[in-house]
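> Sending over a structure as structure tokens; questions will come in a sec.
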């Protein structure tokens, strides 16, 4: 079975297509975690598609990065839906009397819901498994924590910048910086639990009986070798990428 016939490839193509469409449907400011996390997804899965086609394998590029990329985009969905949108149903906003508002809502739906859910399903449905050790979990939190810190200092150093506080929990208004710090600690703890859940699910799925291998091996070269670097047969190669996060569907992000 060639890589072109594997569902992993076309699922990842769909992820990139959804993310790209979301960006093209509206304007998006880089200050928002939504946009940054979706850009990371586009970059990672775009590179993965290239790797899969080049090497003829379903194993993703830099497989240890797949876990944090999944966590970061799932954060986008959960914060948007539960913290910013209070659990409201986003579907009614997809049909709106104002075409511009409707386009914005559809764009944000793709970036807040479609892309995160598709990336999460990629984590659950496809291998390789047990690539990320538990000791990687603190590293997964560096980007969300760094985003929060830089957003706060950006607001302090550049008070006139547009979207000074991308999210209300970064603003000291009404709660002071102690309140901001408490929000940061609570969110970081939540993200740690989410990351632990992803790792636990990965190990649970790895322990289940499987009828087929989790990844198609790379096509052998003339000498019958797969090469010296990268991920082969679903096993982890070296991490080559950086260790690198959402407003409501009616808000711009």
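Yeah, the Cβs are placed from backbone N, Cα and C, and that goes for glycine too.
Curation does not apply to TrEMBL; its annotations are automatic.
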> Which range is it, out of 5-24, 65-84, that shows up in TrEMBL as transmembrane segment?
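So the range that TrEMBL calls transmembrane segment is 65-84.
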> So which range, 176-214, 215-253, gets flagged region 'Disordered' in TrEMBL?
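Based on what TrEMBL states, region 'Disordered' spans 215-253.
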> List, by number or range, the same-chain residues at least 6 past the transmembrane segment (177-201) whose CB is under 8 A from its CB atoms?
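Contacts of the transmembrane segment (177-201) (Cβ under 8 Å, skipping residues fewer than 6 from its ends): 67-68, 70-71, 74-75, 78-79, 123-124, 132, 134, 137, 140-141, 144-145, 148, 152, 169-171.
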> Hey, which of 30-53, 65-84, 108-125 has the most Cβ-Cβ pairs under 8 Å against the transmembrane segment (137-157)?
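Stretch with maximum Cβ contacts: 65-84.
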